[in-house]
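For reference, TrEMBL has these:
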BINDING   Tyr40, Gly65, Cys66, Ser67, Asp90, Asn91, Asp118, Ile119, Asn133, Arg200  S-adenosyl-L-methionine binding site
DOMAIN    61-159  domain 'Methyltransferase'
Amino acid sequence: MTNSQDTLFAQPGEHQGNFQFDSRVAGVFGDMIRRSVPGYGQIIATLGDFADRAVTPGSTVYDLGCSLGAATLSIRRRIEGRQCRIIAVDNSEPMLERCRENLAAYVSDTRVELMLKDIRDVTFENASLVVLNFTLQFLPPADRDALIRKIYAGLNPGGMLVLSEKLKFDSGEIQTLLDELHLDFKRANGYSELEISQKRSAIENVLIPDTLAQHRERLSSAGFAAHDLWFQCFNFVSMVAIK
Ligand SMILES: Nc1ncnc2c1ncn2[C@@H]1O[C@H](C[S@+](CC[C@H]([NH3+])C(=O)[O-])CC(=O)[O-])[C@@H](O)[C@H]1O
Ligand SMILES: O=C(O)C(=O)Cc1ccccc1
């Protein structure tokens with residue numbers, strides 16, 4: 001997988017304006033996400049374990065906001081021979097191009113369809129597993145309920161949604177504490193204060209976190225009777241919901 005070092009925010013004044021999933025980001029994304037999101041590697045590996053349990057023969061898996069294909073690759077390795085199909089969607093062309101190369105590096109009998117489109121325009125059918133791994137947080141908040149409802153409608157009974165997100169907290173004290181622990185994690189991974197602060201401004205208006213209560217309410221009102229956290233590290237969580 002592409003893994004050039006992320007130095008995008010290393011120089012003063014670099015990358016001003018809103019964060020975008022352009023070719024520069026796509027070229028360093030593997031390094032960026034591992035050094036920025038605590039638990040990312042564990043979540044990617046565990047998606048394979050969820051897939052092994054959730055994915056039924058002949059069903060469809062959706063990876064929404066697939067970026068370089070890390071989740072799709074982890075899932076695909078675990079569902080060989082089940083006559084399934086994975087639909088991996090991203091609206092960034094440079095991401096999807098690199099994703100195509102990454103998927104082609106391994107042999108598999110599972111068909112992966114890469115779709116360059118907005119996840120709001122996807123039709124869900126015969127789904128046994130839907131993955132939103134750090135993607136919902138980039139949708140305008142007003143569009144989030146409708147997507148979760150559409151996913152629920154397209155899932156087969158027993159089908160799962162795995163939803164990973166950066167969280168916001170009602171308590172200012174907890175927000176500050178977990179934000180600081182996250183910043184320490186980035187420092188420990190070699191990011192400078194300048195890189196941290198420039199990236200923070202760039203994602204401010206682009207990545208809009210919800211609280212855990214908002215996620216729970218959204219999943220419940222979409223119809224998911226069973227849902228809970230399965231992973232948390234600081235302000236990053238992953239939830240599972242079962243239809
Ligand atoms: N409306 C949209 N439609 C389609 N794609 C979108 C949209 N908005 C954002 N994206 C895409 O969602 C991805 C979010 S990254 C996901 C990591 C991956 N899941 C991973 O497991 O490695 C998470 C992060 O950068 O924190 C990017 O590739 C965007 O182009
Ligand atoms: O870097 C951060 O502070 C994040 O919140 C995670 C992230 C990771 C990759 C792209 C955008 C945000």
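Every residue gets a Cβ built from N, Cα and C, even glycine.
Fair warning: this is a prediction, and the values are worked out from it, not measured in the lab.
Projection of TrEMBL feature records onto the structure.
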residue: Tyr40; record: S-adenosyl-L-methionine binding site; Cβ contacts under 8 Å, 6 or more apart: Ile33, Arg34
residue: Cys66; record: S-adenosyl-L-methionine binding site; Cβ contacts under 8 Å, 6 or more apart: Thr72, Ala88, Val89, Asp90, Met95, Leu96, Cys99, Leu114
residue: Asp118; record: S-adenosyl-L-methionine binding site; Cβ contacts under 8 Å, 6 or more apart: Asn91
residue: Asn133; record: S-adenosyl-L-methionine binding site; Cβ contacts under 8 Å, 6 or more apart: Ile43, Ile44, Leu47, Asp63, Gly65, Ala70, Ala71, Val162, Ser164, Ser238
Simplified DSSP label at Tyr40 (S-adenosyl-L-methionine binding site) comes out helix
